[in-house]
Amino acid sequence: MASLWRLSVLCGAQGGRALFLRIPVVRPAHVSAFLQDQPAPGWCRTQHIHLSPNHYSGSKAASLHWTGERVVSVLLLGLIPAAYLNPGSAMDYSLAAALTLHSHWGLGQVVTDYVRGDGLQRAVKAGVLALSALTFAGLCYFNYHDVGICKAVAMLWKL
Amino acid sequence: MAALLSRHVGRHCLRAHLSPQLCIRNWSLPMAMSICHRGTGVALSAGVSLFGLSALLVPGNFESHLELVKSLCLGPSLIYTAKFALVFPLMYHTWNGIRHLIWDLGKGLKIPQLYQSGVAVLVLTVLSSVGLAAM
């Protein structure tokens, strides 16, 4: 029997405070993720997201991928001012990694949206992977053998 | 009558193998900003990939390439324009990206808020691009 985790995001009356509740509910299999809006007294908004980790490992992977995308986005957002304030080798490599991962996943979403057909999609995604790998290799090469990303931007801007 | 007219309007989109919705549907600010977010993202990725690949394939180091550009003796206004052109898509994607992350938190999803945050992103993009290009 698949166990179901219910994640509820509740909005307080003041608006803004988010409470996360996890209530395990045992249910038979064949449940997919869905969102429903249920106005209840005292709450301004309720979202119920059902995830089934045992039977739908695919959707769990997709959920983790989604979260990973947001984490890398926030990381990259923080890296940009950090690179300006504290340039250096560590910053160069962190930027290279975050930049290529964010663009790799972003291009993956574009491919998923517009390239229809299982075989073609897999082929194009392999191409995107190759491009991302080469880009990361190139950036690391630049960081190691040349001035590095932070210094390069500084030099370019002094033009 | 309106239905016939809109069907005709969409036809040239069909001829271009585009969705007829692109010609029939009224474009809205959130719709346009969404495709620009994707467009700037793809463009920035292409730029980064071009940079990375040229580091591997093109001979000469970064400084020599900068010297080449310096030797062209481009005017300051042209250099400012080039900097602006580089930083504008980055700033748009960054600010709109923050807007996306706020949506992911579940906030600001009402229709008027969509338009307000959209205009805010556009204003911030222009201001930050102008500022950064001047640095």
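Quick reminder: no glycine exception, Cβ is built from N, Cα and C everywhere.
Noted in TrEMBL for the protein shown:
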BINDING   A:H102  heme b binding site
BINDING   A:Y114  ubiquinone binding site
SIGNAL    A:1-18  signal peptide
For the residue listed as 'heme b binding site', what residues in its own chain, 6 or more apart in sequence, show a Cβ-Cβ distance under 8 Å?
A:E69, A:V72, A:S73, A:L76
With every protein chain in view, how many other Cβ atoms are within 10 Å of the Cβ of the residue listed as 'ubiquinone binding site'?
10
